[in-house]
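Database features (TrEMBL):
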- 68-85: transmembrane segment (TRANSMEM)
- 106-126: transmembrane segment (TRANSMEM)
- 132-152: transmembrane segment (TRANSMEM)
- 200-221: transmembrane segment (TRANSMEM)
- 246-266: transmembrane segment (TRANSMEM)
- 296-315: transmembrane segment (TRANSMEM)
- 335-352: transmembrane segment (TRANSMEM)
- 364-382: transmembrane segment (TRANSMEM)
- 398-421: transmembrane segment (TRANSMEM)
- 433-454: transmembrane segment (TRANSMEM)
- 460-479: transmembrane segment (TRANSMEM)
Amino acid sequence: MATARRVLPEPKAERSWGGVRVGAKLRDPKLHYRKEPRRLPPGSYGNAGSHVEVTAVPVPGRVYGRRWLVLLLFSLLAFVQGLVWNTWGPIQNSARQAYGFSSWDIALLVLWGPIGFLPCFAFMWLLDKRGLRITVLLTSFLMVLGTGLRCIPISDLMLKRRLIHGGQMLNGLAGPTVMNAAPFLSTTWFSADERATATAIASMLSYLGGACAFLVGPLVVPAPNGTSPLLAAESSRAHIKDRIEAVLYAEFGVVCLIFSATLAYFPPRPPLPPSVAAASQRLSYRRSVCRLLSNFRFLMIALAYAIPLGVFAGWSGVLDLILTPAHVSQVDAGWIGFWSIVGGCVVGIAMARFADFIRGMLKLILLLLFSGATLSSTWFTLTCLNSITHLPLTTVTLYASCILLGVFLNSSVPIFFELFVETVYPVPEGITCGVVTFLSNMFMGVLLFFLTFYHTELSWFNWCLPGSCLLSLLLILCFRESYDRLYLDVVVSV
């Protein structure tokens, strides 16, 4: 094994990190140094025969307290984007009465989320070329336009519905950044023993925003009363519309505050990189995409993520519609969706923190999570078919099965993200996660597209859950893990 040498770089090897020349002669003895190029040995870190270029450049490893402020601003933006995306699913019955939405409209309002991922590769390119600040500012500005469009006071219901659809589309365009940039942010600002935790917080807050929509919508907006007389129904319709507009105005105000905060302070990178991996050279955009599409191991684990998470995201977006045949009220459906995602967020952050302490266990964690997801999704699907299976269909069983399913699937997201980056390093984090979230949203979009035509009977949608979880479990089982980025930080740093 080659030994580490303190070798000063040639002048042409110098490059800039936030105005500081990385590669110049630095006298601080606490700085990390990178080794000469070599092949990684077979074992727990790195693939046998893989070649990671590591130049002899001193890299300062330092973290700054402001990293938590950057993480907070990004997480709040992701939270509100998820909240706005899931505004209409939990109150779909009220929205029908207030604005005349059809089942096709409700499905399309949720479908704008995956549609917003169509220009995902453009946002990936922007993140890779222009950095985190420009990308986040553009994302928050799109959200300001989208939420503002929904608040324009117009009495014409047809035009109002079109404005609401336009606002949801603009909010959907913000999805690629809030879903993809979490690993990029954690690598840029956090040390190796904090990266998984930072990735979990930044990525889970978007799901938590969607969960809060299950809580805020049904609690603020009353459900329609179909047994009311005509005059009472008209009064109820006006009251429901006023309450929905109050929610829309509140979301618009919060988005404006976050946009102002990011405009005032959101630096693209710290003055000095926090780790060796953060300062290392990455592949270009074109080479990265080619590397990802030709890497069979990456495609295997990407499908293990995209299929079940895409199915679950679409299923969660219309949970109220799915539970209506089981005579579950709008409020109960909201609480079920809320606790399933909140549980997943809490467990996901806890799992990521565990992965920071016990490294090299990502595959085992995913196997455990998807074993539980397969069992809980099967339980829920069979419970909904109680006329055939004779399983008890109660509020307790629905709560338990849905919450367990959300916990197992949602908590796997940050673990997947870290495994993606480790598998294909030195491909940039934003490009890697952009490809997998694009695939996930495409699967969700296909399912919701079929839902617009086959929305009268939804048992087929429920069966997609255990089928996708079982397929993912088999793919993870066959996957051979590697930790090239972790090897660079832990072994090469001296």
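Glycine is no exception: its Cβ is also placed from the backbone N, Cα and C atoms.
Long-range neighbours of the transmembrane segment (364-382) within the same chain, counting only residues 6 or more positions beyond its ends whose Cβ lies under 8 Å from a Cβ of the stretch, are 304, 308, 351, 354-355, 389, 391, 397-398, 401-402, 404-405, 407-409, 411-412, 415-416, 419, 459, 462-463, 465-466, 469-470, 472-473, 476-477.
Proximity of the transmembrane segment (296-315) to the transmembrane segment (132-152) is not established, fewer than 3 Cβ-Cβ distances being under 8 Å for residue pairs spaced 6 or more apart. Contact check: the transmembrane segment (246-266) against the transmembrane segment (398-421) gives fewer than three Cβ pairs closer than 8 Å, residues 6 or more apart, which falls short of the contact criterion. The listed stretches are 68-85, 106-126, 132-152; of these, 106-126 has the most Cβ pairs under 8 Å to the transmembrane segment (433-454).
Where the transmembrane segment (68-85) meets the stretches 106-126, 132-152, 200-221, 398-421, the count of C-beta pairs under 8 angstroms peaks at 200-221. Within its own chain, the transmembrane segment (398-421) is flanked in space by residues 182-183, 187, 195-196, 199-200, 203-204, 207, 298, 301-302, 304-305, 308-309, 312, 316, 319, 323, 326, 328, 335-337, 339-341, 343-345, 347-352, 355, 362-363, 365-366, 369-370, 372-373, 376-377, 379-380, 383, 427, 429, 432-433, 436, 465, 469, 481, 485, which lie at least six positions past its ends and keep a Cβ under 8 Å from the stretch. Cβ atoms under 8 Å from those of the transmembrane segment (106-126) belong to residues 85-89, 92, 95-96, 134-135, 138-139, 164-165, 168-169, 171-177, 180, 285, 289, 310, 313-314, 317-318, 321, 430-431, 434-435, 437-438, 441-442, 444-445, 448-449, 451-452, 455 of the same chain, restricted to positions at least 6 beyond its ends.
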